[in-house]
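Engineer: One structure, as structure tokens, below. Some questions next.
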Amino acid sequence: MRAGVIGAGSIGGVVARALRDGSVPGATLSGVVDPAGAADLPLVSLDEVLSTSDLVVEAAGQRALAEVGPQVLAAGRDLLVVSVGALADDALLDKLLCAGPGELHLSTGAIGGLDLLRAAARMAPLSRVTIETTKLAANLVQAWMSDEEAARLRTTAEPVELMRGPARDVTAAFPKSANVAASVALAVGDWDVVEAAVIADPAAELTSHVITADGPAGSYRFEIRNRPSPRTPTSSEVVPHAVLAAIAALAEPRVVFR
Ligand SMILES: NC(=O)c1ccc[n+]([C@@H]2O[C@H](COP(=O)([O-])OP(=O)(O)OC[C@H]3O[C@@H](n4cnc5c(N)ncnc54)[C@H](O)[C@@H]3O)[C@@H](O)[C@H]2O)c1
């Protein structure tokens, strides 16, 4: 499998280097697209990636996914999406689903349990789903916050709940931090049943996501505690490895949970 990477930042850079270095059996790096450059990676144009790849990994952000995702799928290339939060936009999701012949894949990214939530929701609608994300306070400052609010976050000595509400609203307010809320909503196939919360904790060394779900299939609680990426502390270090695991499963399906 020839895999191209769009976006060579903290996630895409790790993915591209691992592919370049041959650490994913059955997959090679076809090229990298990033206007910001990446000195040690083979930078190419989008057209070149489309003509030389079987799979394209989007790790460039929500806007880039909207801009190039439909084109990737229309060219018959499979697309592995990392910026899952962008799919809170139903129109974009519909566009991507209709854009084929390429296939759309979503990275599990920073969380797990999506398979079981999907199975439970398939058996019967879930009555309640929550995802609470707790991050180091200083990493949750957003452009829309007032100066006072941002300063309070940087100096708070206590955990502060910044937002709790429908997953779609939380995903929109914290685009870099709430991909996980979108992943849960997409896994259960219902945005309205999912409540998301974002908590700023000045002492949070690890980023945690606590996912709970209740319904006729049972009662579930997953707690994920990820180490933040040293380069981009708003993201977790495991995320590029989730992408690489997905590429490995697509390139050489051996023992794959579906
Ligand atoms: N699914 C998850 O669980 C999860 C977890 C963490 C981050 N994310 C998402 O993954 C995405 C990437 O995160 P990151 O930390 O690597 O970001 P980053 O800012 O470190 O890297 C993004 C890179 O994409 C490049 N880029 C921007 N627009 C581009 C375009 N149109 N074409 C090509 N390259 C372009 C930028 O120059 C940058 O180098 C973000 O949307 C983030 O929210 C998802």
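Heads up, the Cβ atoms here are built off N, Cα and C, so glycines get one too.
Straight from TrEMBL, here's the annotation block:
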DOMAIN    7-97  domain 'Aspartate/homoserine dehydrogenase NAD-binding'
BINDING   A110, N179  NAD(+) binding site
DOMAIN    157-243  domain 'Aspartate dehydrogenase'
ACT_SITE  H209  active site
Engineer: Cα-Cα, whole number of Å: A110 (NAD(+) binding site) versus the residue listed as 'active site'?
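Structural biologist: Distance (Cα to Cα, whole Å): 9 Å.
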Engineer: Measuring CB to CB from the residue listed as 'active site', give everything in the same chain under 8 Å that is also at least six residues away in sequence.
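Structural biologist: When sequence neighbours closer than 6 are ignored, the residue listed as 'active site' has A110, I111, I131, E132, T133, T134, V180, F222, E223, I224, N226 within Cβ distance under 8 Å.
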Engineer: In the predicted model, what is the mean pLDDT computed over the domain 'Aspartate/homoserine dehydrogenase NAD-binding' (7-97)?
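Structural biologist: Reported value for the domain 'Aspartate/homoserine dehydrogenase NAD-binding' (7-97) is a mean pLDDT of 97.
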Engineer: How does the domain 'Aspartate/homoserine dehydrogenase NAD-binding' (7-97) divide up by DSSP, counting helix, then strand, then coil residues?
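Structural biologist: Per DSSP, the residues of the domain 'Aspartate/homoserine dehydrogenase NAD-binding' (7-97) fall into 42 helix, 15 strand, 34 coil.
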Engineer: Cβ neighbours within 10 Å, counted over all protein chains: which one of the binding-site residues A110, N179 has the most?
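Structural biologist: That would be N179, with the highest Cβ count within 10 Å.
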Engineer: What does DSSP give as the helix, strand and coil breakdown of the domain 'Aspartate dehydrogenase' (157-243)?
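Structural biologist: Once the DSSP states are binned, the domain 'Aspartate dehydrogenase' (157-243) shows 22 helix, 35 strand, 30 coil.
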